[in-house]
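According to TrEMBL, the features are:
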BINDING   TRP24, GLU26, GLU37  Ca(2+) binding site
TRANSMEM  38-55  transmembrane segment
TRANSMEM  67-85  transmembrane segment
BINDING   HIS85, HIS236, HIS240  Zn(2+) binding site
TRANSMEM  123-144  transmembrane segment
TRANSMEM  193-210  transmembrane segment
TRANSMEM  237-258  transmembrane segment
Amino acid sequence: MAWIDQRPLPRYGYWGPITSSLLWCEEKYVWSRYIAEPVNTFSNLFFIALSLYGARNGYRARLPRRFILVNLGITGIGVGSFFFHMTLQKWAQLLDELPMIYTSALFTYAVCETSPKGRKARFQYGLSATLILAVIAITVGYLYSGNPIFHQAAYAAIQLTSTVRIVTLLRSSSSSINKTLAGRKLKQDINKIFIRGAVTFLTAFGIWQVDNIFCSWLRSTRRLVGQPIALLLEGHAWWHIGTGWGAYAIGVAGALLVSRCECSLRRRGRGRRGRERDGWISFRAPFHRTSRSRRSRRRPATLRWVARGTCRA
């Protein structure tokens, strides 16, 4: 949200007068009459690509389906944000903001429900019904009021709920992941992934606020240094990149944690453990036997670039 006065409004582009309730610090329609904020627009491509990568790897690793849907929901947020910053129209703003609510609610359900597939759900229908009613109420309330503060508060509340759940699972001594030495070692790696994701997310939020508060100075500085260095001073674009990576890492931590809890309930942590490093994050993943050959060796069910990892029943 832009907290400063940005009048006068920029000239109209292809999409007509700006109708969104939020304005950002990037200057409007400077590069093209078809794209209001090109840097903010195209920075969403990283967001989209990373979430699609996570969905693909989650599918290949047989993660619980709800975590694949979370990644696809994040893709939807990125697509909505792309059109929002390209057009600065109210309809596109809703394509950005409402999927944030829906995906966050889905992730909250994903990390709260730890019952293995085929077993009785931990929370029965109470959790899903509560979340559905909540997102309906938030949607109706936001469409009626149009107040971005209401949307941001609702989004923060849902995010806080899922965060508390992950922290509770990580800290709980009674969690099934603590039943084996391998599980405890895995939990240490999950904790590192979660902390890195949370720190990245909060850092990106801080950059966004600097972009809001010091917009006039940043605009003057960007004009002074010129392109392409000025691209590095677009704080909201860094928000997209930072939240893309932060949300991705937090999602991976949640998927690994919940998947391991499910696996522990099924198998009580059979198999040895191994460390693998691939990309930015080092983690542990369970080993399993392949059934193709009697000579087959144990190989890790890896989480490629922190995007895979589950047990197999």
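The backbone N, Cα and C atoms fix where each Cβ goes, and this holds for glycine too.
In this structure, the CA atom of HIS236 (Zn(2+) binding site) is 8 Å away from the CA atom of TRP24 (Ca(2+) binding site). Non-local neighbours of the transmembrane segment (67-85) in the same chain are 20, 24, 26, 36-37, 40-42, 44-45, 47-48, 51-52, 54-55, 58-59, 92-100, 102-103, 106-107, 110, 240, 244, 247-248, 251, 254-255, 258-259; each lies 6+ residues outside the stretch with a CB under 8 Å from one of its CB atoms. Beyond its flanks by at least six residues, the transmembrane segment (193-210) meets 163, 166, 170, 235-236, 238-239, 241-243, 245-254, 256, 281, 283, 306 of its own chain at Cβ-Cβ distances under 8 Å. It is HIS236, among the binding-site residues HIS85, HIS236, HIS240, whose Cβ has the fewest other Cβ atoms within 10 Å in the structure shown.
Excluding HIS85, HIS236, HIS240 themselves, the residues of that chain whose CB lies within 8 A of the CB mean position for the Zn(2+) site are, in sequence, TRP24, GLU26, GLU37, VAL39, ASN40, THR41, SER43, ASN44, SER81, GLU234, ALA237, TRP239.
Same-chain residues with CB within 8 A of the center of the TRP24, GLU26, GLU37 CB atoms, the Ca(2+) site residues themselves not counted, are LEU23, CYS25, GLU27, LYS28, ALA36, VAL39, ASN40, HIS85, GLU234, HIS236. Following the DSSP three-state reduction, the secondary structure of HIS236 (Zn(2+) binding site) is helix. GLU26 (Ca(2+) binding site) and HIS85 (Zn(2+) binding site) have their C-alpha atoms 10 Å apart, to the nearest angstrom.
Cα-Cα distance from GLU37 (Ca(2+) binding site) to HIS85 (Zn(2+) binding site): 6 Å (rounded to the nearest whole number). Here the C-alpha separation of TRP24 (Ca(2+) binding site) and HIS85 (Zn(2+) binding site) works out to 9 Å. Around the Cβ of TRP24 (Ca(2+) binding site), the number of neighbouring Cβ atoms within 10 Å comes to 26. Following the DSSP three-state reduction, the secondary structure of TRP24 (Ca(2+) binding site) is coil.
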